[in-house]
Amino acid sequence: MKKVSFFQSIHLKFVLVYILLILIAMQIIGVYFSRQLEIQFKENFQNSISDRVNLLSYSIEEAMLKERDDDDPTLEKDVYDILRGYSSEDILEVQVININQRIIGTSKAENQNIVGQRTTNAQVKRSLVVGIAENDIFRDDTGRRVWIVANPIEAKGEILGTIYLMADIESVFNQLQEINDVFANGTIIALTISVVLGILLAQAISRPISDMRRQALAMAKGNFSRKVKVYGLDEIGQLALTFNNLTKRLQEAQASTEGERRKLASVLAYMTDGVIATDRRGRIILINESAIGLLNVSRETALSQQITTLLGIEDKYTFEDLINEQESVILDYSTTHKPYILRANFSVIQKDTGLVNGLIAVLHDITEQEKIEMERREFVANVSHELRTPLTSMRSYLEALSDGAWKDEEIAPRFLEVTQTETERMIRLVNDLLQLSKMDSKDYRFSKEIVDFTIFFNRIIDRFDIIKEQHVTFTRELPSKAVFVEIDEDKMTQVLDNVISNALKYSPEGGNITFRLEEESDQIKISVSDQGVGIPKDQVNKIFDRFYRVDKARSRKLGGTGLGLAIAKEMVEAHGGKIWAESKDEVGTTIFITLPYERTDEDDWA
Ligand code: ADP
């Protein structure tokens, strides 16, 4: 904020107002006062002159009315005698004029030549005619102000002449001027004092206001530590107190808002769901870390985009559609290799007036959920399919039998054998399913024991060696010493039975199966390699999935359920081990199994 210039400042305004007030007051007082003074002074002066004129008038009248002999001095002489003593400092000249307008005497010595002449003075003439005293102020030749009086001399109602008097009234005006000067000086002094006082007063008022202004500026920058100094308890002091109080309240409000903001920010930062907020036009204004991770974008790119663009749904939805969307929207970003599905829920931010202020989208990763759901559906479909196939074939054989084939001694036993095989396969399938479902429910129990795996493995191979139907040779690469491992014998037998029977199933006539047992630092590695048909590379990992079979028809013909390796995987993993396959098409397959192992000195068991 810019600084207040001197010309806009309260200082100047105060000083100007003071000066104007003083000037107006002084002017009014001055005009009235000097006017009164002038009247009074003039009156005093004129009164004093008039008194003297009256006295003179009386003496002149005496002289005029006097009965004169020849030896008596003339009237002019008497008048001259009377007037001679009349010149004073303030009376400049006194003339006596008779009724015939002739000057019969003057007090001014150098003017004696005018005695006997007719007067030219208009006032004198008028006073002689009208018989009323005339007076006025004029400026004489030197520019000096003079008061001129023409006072008629009356006796018994008859005008005898007039006295003409010229008085110096300049002194009165000089006195007035002096008083006015004193007054003007007083005004200047008063103005100077009022300027100083005005500045001081303006400062007293403006200082707390400037303080408040500075504090308001500091507050705008987030600094609430300042306090306005309170100079007194007048209105400005009260304002300063209120301002300080306001600062405190604002600070508290700010602190609580800041606290709420931090809480919200940490909730948003640490929540696993993604949160995106937009403005009322759909432009993203906030995106949390989870959303950035889920959508795999940078914050900068996200913040400049529309929400529909960011979510990649601009073809299907507009921002208005999202505002009105009640249901959640499924965002499927799956590729052929990887499923990736998000669920988005939208809620609208509205003002009190009902106007839409923005949108909040909450993203939730539902890939796992969807995968499980898909697997469940697939599983149910698989189970139904696996059960329907044997049942359909059994129904057709039984129908044929009941249609009369039972009488045929050659066909009947074959048909019955097929139904028996199918029934057994179904029983196996149901048993496998039961076993899987038991393992899925976590209360499945193992009874583990320490077993010499070399003996255990040899025994199983021996059994297969005896019962095998094809011409397949067995190669054993097993250690000669004992390898003690903690296993559930029954379960592990089931695992190996499955792996070995698969190897036999898919081995060609005259093939070879190699059994290996290797001791590693913290595990044993068992492998069964055949020289069979092998498994295509892209399907090697899938053979452990439930119902997955590379060649469905062939597997079914060989009596497989497609669950054997899935069960084996569950069991090996329940032992803390791993199972996987390596295979080359038309070359052979190796199934590897690892189990946790703690190497012990043979002596301990000897
Ligand atoms: P099945 O009961 O069909 O044998 P499994 O779960 O045991 O079910 O095996 C799943 C599928 O894995 C089989 O159908 C087969 O296609 C494939 N498979 C398993 N072992 C071998 C092997 N040794 N050689 C070739 N293919 C195999």
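Each Cβ is built from the backbone N, Cα and C atoms, and glycine gets one as well.
What you see is a predicted model, and the numbers here were worked out from it, not measured in a lab.
As recorded in TrEMBL, the features of this protein are as follows:
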- 203-255: domain 'HAMP' (DOMAIN)
- 260-325: domain 'PAS' (DOMAIN)
- 324-378: domain 'PAC' (DOMAIN)
- 382-599: domain 'Histidine kinase' (DOMAIN)
- 12-33: transmembrane segment (TRANSMEM)
- 182-205: transmembrane segment (TRANSMEM)
Please give the sequence-distant neighbours of the transmembrane segment (12-33): residues at least 6 beyond its ends with Cβ less than 8 Å from one of its Cβ atoms.
6, 180, 183, 186-187, 190-191, 194-195, 197-199, 201-202, 205
Summarise the model confidence on the domain 'HAMP' (203-255) as a single mean pLDDT, whole number.
86
Can you break down the domain 'PAC' (324-378) into helix, strand and coil residue counts using DSSP?
13 helix, 24 strand, 18 coil
